[in-house]
Amino acid sequence: MLVTYYRCHFLYFLLACAGASLLLLHIEAKHSGLTWVDSFFMCVSAMSGTGLAVVSLYRFTLASQLCIMLLLFTGGQTFMALPPLLLRRLWFRQAHSVEKVTFLSELCLWRPVRMKAQEQAAEQLREYRALGRLTVIIFCYLICSLVIGATLLYFLSQPTLRRNPLPVDPLLFACFTTVAAFNNAGLTLLSNNLVLFAKDRGVLLVICWLIVGGQTGIPFALRFILWALRGVTRNKQAREDLDFLWHHPRQCSTHLFPSYETALLLATWVTFTSGEFALFVLTNAVGKFPGFSKSDEWLVGFFQSVSTRTAGFNAVDIGQTSTGMLVVWVFMMFVAVYPFELTLRTSASIKLRQDAQRRSLVLEYAPVQVVSVAELAAAGDHQMLTPARRLMALCLKDTSIIYMCVLVITLADNQMLHHNQLFAVLFEVISAYGTVGLSISDTNLALSASLSTFSKLVLCFVMLLGRHRGLPSHFDSSVTRIDAPPPVGALKPGVFLGGVTGADEGTPLLRRRHTDTLTDRMRRDIGGFFQ
């Protein structure tokens, strides 16, 4: 079976969640009587960044809470951006270094590489150094964000916690909430999420910053950091490495984009957030929430607008919001990943060379040219690359998955669910697939807590599928070796590749004929996303 980035990523999540669920089950066996299904559900919910809770975290032991926090950290977008960088550097060292190289030795990013033939791999060596600097940048960004966020939350939450004594250590609360917010998982150690801090502007604004900085804002933050470092760096080699990252962002990382795409993502986020905030204000008239002033309601509206699409924290009982706003949230949770995923695929860099004899593009072992999918359009069908066609394929795939999951859950729990709960089930499935974590329930737990064991396992699968939306294709240069080819058989006949198709390694990429039907094209598009 072909080893791809998607499959390795999925297997890592599955094994980590399975192992952590057994550990959690062992810890809580005598304390809370936790079942394995609930343990596995909580582990998947934490690591996928969803935040749906079927048991109360504040009743867990300290060891269990730390285990959940570790899963939140190791499954986050920022943390998962590091392994491809380290592995690509490791593979390059193993291929070109005269020294014995291991993964642990590669963690010493400052070690120079002694090349066997440095003059033959100058461009690859430059990319190797650039990946090392990007690794340091992302790691420092991750640690600094968590430390600053936890410090701010610890001091800002003190007045509210003193007025409302809770059986939760303030430092643990600050650290756990920071990790959960930065990794966009709406889990907290409180029984009512963040309702206690609904009027605490400092806490809500800090959590908003962590939510954006941990997922949606990663491309903005990395681009800004690169811009700042290029302006202050005087070392020639360091400046060359930073320039390489600046001019070839997608060749190096899945979370670094060119200036135009970064600005487009920022504009999309601002549009979605401001539109959602305006609808919240319009559909929830002043006085909807008892005891809230107009400014408090606007603050809650802004917080929910930032949190709803990805994180799933709630500062008010969402059952008190209008029905129209719930429908808006369903839409926002469904399309939340689309701006990033479309940008990721349309800006992908693929390593190619020009075959002088056949005059076609060929996947190369030692690539001499890196082109984007947009540039690759010249070799194929331009219509295959339009964002509208990509969006249509994504919507068809996601709608099919959601419908099948809702159907399976309603059939499995036919005796437990009422007709008026159909929208709540749909809301739960879309929340799980969008890795958001909001739920319409009469209790402090998610609706999933009242479902059967089989339905909980279905939702676990949905959360894992949702977490793996937006991953790069296995021929994307940001997740492949610097100087080696894609795996044999990586490209098979009929697999969508930016407007062109290809056979196994060494076979020219052929232009797609315009006689393809719409059904054939969509089938290839959808099939390519699962590779």
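For all residues, glycine too, the Cβ spot is worked out from N, Cα and C.
Unlike curated records, TrEMBL annotations are generated automatically.
Long-range contacts of the transmembrane segment (6-27) within the same chain, counting only residues at least 6 positions beyond its ends with a Cβ under 8 Å from a Cβ of the stretch, are 34-36, 39-40, 42-44, 47-48, 61, 63-64, 67-68, 70-71, 74-75, 80, 460, 464, 467-468, 471, 474, 530-531. Sequence annotations record features per position, and here TrEMBL assigns transmembrane segment to 6-27 (among others).
Long-range contacts of the transmembrane segment (39-60) within its own chain (CB-CB distance under 8 A, at least 6 residues past either end) are made by residues 13, 16-18, 20-22, 24-25, 28, 31-32, 68, 71-72, 74-77, 167-168, 180, 183-191, 215, 310-313, 428, 431-432, 435-437, 439, 444-446, 448-449, 456-457, 459-460, 463-464, 466-467. Under the heading transmembrane segment, TrEMBL lists 39-60 (among others).
The list of residues near the transmembrane segment (66-87) in space but at least 6 beyond its ends in sequence, with Cβ under 8 angstroms from a Cβ of it, reads 5, 9, 13, 16-17, 20, 23-24, 27, 42-43, 46-49, 57, 60, 103, 106-107, 131-132, 134-135, 138-139, 141-142, 145, 175-176, 179-180, 182-185, 187, 214-215, 218, 252-255, 467, 478-479. According to TrEMBL, the transmembrane segment annotation covers 66-87 (among others).
Sequence annotations record features per position, and here TrEMBL assigns transmembrane segment to 134-156 (among others). Beyond the transmembrane segment (134-156), the same-chain residues lying 6 or more positions past its ends with a Cβ under 8 Å from any Cβ of the stretch are 78-79, 81-82, 85-86, 89, 109, 170-171, 173-175, 177-179, 181-182, 200, 202-203, 206-207, 209-210, 213-214, 221-222, 225-226, 229, 245, 252-253, 255-256.
Sequence annotations record features per position, and here TrEMBL assigns transmembrane segment to 171-190 (among others).
The feature transmembrane segment is assigned by TrEMBL to 202-226 (among others). Within its own chain, the transmembrane segment (202-226) is flanked in space by residues 49, 76-78, 81, 137-138, 141, 145, 149, 152-153, 156-157, 160, 177-178, 181-184, 194, 242, 245-246, 249, 253, 255-257, 259, 261-262, 265-266, 269, 299-300, 302-303, 306-307, 309-311, 313, 315, 340, which lie at least six positions past its ends and keep a Cβ under 8 Å from the stretch.
As annotated by TrEMBL, transmembrane segment applies to 263-286 (among others).
Sequence-distant contacts of the transmembrane segment (322-340) (same chain, six or more residues past either end, CB-CB distance under 8 Å): 216, 264-265, 268-269, 272, 276, 279-280, 283-284, 288, 308-310, 391, 394, 398, 402, 423, 426-427, 430-431, 433-434, 436, 438, 440, 469-470. Look at TrEMBL and you will find 322-340 (among others) tagged as transmembrane segment.
Among the features that TrEMBL reports, transmembrane segment is placed at 391-410 (among others).
Sequence annotations record features per position, and here TrEMBL assigns transmembrane segment to 422-440 (among others). With a threshold of 8 Å between CB atoms, the same-chain residues lying at least 6 positions outside the transmembrane segment (422-440) that come near it are 45, 48-52, 184-187, 308-314, 318-319, 326, 329-330, 333-334, 336-337, 398, 401-402, 405-406, 409-410, 446-448, 459, 462-463, 465-467, 469.
A Cβ distance under 8 Å defines the sequence-distant neighbours of the transmembrane segment (446-465), meaning residues of its chain 6+ beyond its ends; these are 10, 13-14, 17, 37-38, 40-41, 44-45, 48, 50, 52-55, 401, 405, 408-409, 412-413, 416, 421, 424-425, 427-429, 432-433, 435, 437, 439-440. The annotation transmembrane segment is assigned in TrEMBL to 446-465 (among others).
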Residues sitting near the transmembrane segment (391-410): Cβ under 8 Å, six or more positions beyond its termini, same chain? 334, 338, 341-342, 417, 422, 425-426, 429-430, 433, 451, 455, 458-459, 462, 465, 469, 522, 525-526, 529
